[in-house]
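Take a look at the structure set out below.
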Amino acid sequence: MIQEYQLRLLPEQTVNEQSLKQYIVREKGITPESITTIRILKRSVDARQRTVFINMQVRLYINEMPVDDQYQSVTYYNVEAKPSVIIVGAGPGGLFAALRLIELGVRPIVVERGKDVHERKKDLARISREQAVNPESNYCFGEGGAGAYSDGKLYTRSKKRGNTEKIVAVFCQHGASTSILTDAHPHIGTDKLPRVIENIRRTIISCGGEVHFETRMEALIITGEEVKGIETNTGKVFLGPVILATGHSARDVYRWLFANNITLEAKGIAVGVRLEHPSALIDKIQYHHEAGRGNYLPAAEY
Ligand SMILES: Cc1cc2nc3c(=O)[nH]c(=O)nc-3n(C[C@H](O)[C@H](O)[C@H](O)COP(=O)(O)OP(=O)(O)OC[C@H]3O[C@@H](n4cnc5c(N)ncnc54)[C@H](O)[C@@H]3O)c2cc1C
């Protein structure tokens, strides 16, 4: 039997599966031996009142084993012999376009002006250490795109542009923690994001796709009304349909498009401001307690 419950718990009751199980056994009158698995479906912290609660939606498997996976994996088949599409840019847009093409039986050829996500880190260190910016490898350019060295918050305002659950599952399939499936504010983490990006690249290559670093698109090849491919700074020409996933920082690309009479449409942009506070202070304010987050709560969000 499968039962789902909405629970409101104290932080110490959620600290591990054992304490959660004890609570469920006591409150729901279920024998501990009959519970084979507890799956957390959603988890959020409610710190609006003086007493902080954890809201959880859980699924119990009673006297049966779960047959479903925690998330639905995507099967990526070999596309080596399939028609190719060129993707310019290995940011989130380009990488997910590549995965989707593989799903659809098309071979992606990703062309990225920056370096791979690990090499790129050295150039970021040079920015802090020597104030020297490599114009092709920096916080905006390189594998993983503009947010690759952010804290990896998975944030979208869009509710209507597709299946965000699938995106989160694809991240898990590539090494992100499965906690992002349930957290109200899913967060991959700066330390894990580069590995996840690298794993996505491995999927692309192992399926027969290509990823070319330090290769900048310089021009589209256009015949009549049709895009035929791209020219790059290495002299290499790639022929085929093109997906431009160059992000908002590639001004040279947009200048080229404008100069070549390609219709461009302005889009509203969100401008963010980053404020940093000591986490101990935020914990104290958000959890209404001098001791801050204590032993059982995560770092508070604000
Ligand atoms: C500092 C920072 C922190 C952020 N933190 C977060 C966060 O925590 N959570 C979140 O959801 N969003 C975050 N964002 C926003 C997020 O990074 C962007 O929304 C996202 O990266 C856009 O993806 P994209 O693939 O469209 O473009 P981009 O990420 O900009 O990727 C474009 C890629 O194209 C490449 N490229 C450009 N021109 C060429 C060319 N001519 N030839 C070849 N390659 C080219 C670039 O090198 C780049 O890798 C952050 C952004 C920044 C700048």
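Numbering starts at 1 and runs along the chain as it is shown here.
Placement of Cβ uses the backbone N, Cα and C atoms for every residue, glycine included.
Listed in TrEMBL:
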- 84-119: domain 'FAD-binding' (DOMAIN)
- 269-302: domain 'FAD-dependent protein C-terminal' (DOMAIN)
Mean of pLDDT values spanning the domain 'FAD-dependent protein C-terminal' (269-302): 86
Per-state residue totals over the domain 'FAD-dependent protein C-terminal' (269-302) - DSSP helix, strand, coil: 8 helix, 0 strand, 26 coil
Residues of the domain 'FAD-binding' (84-119) by DSSP state, where helix covers H, G and I: 15 helix, 10 strand, 11 coil
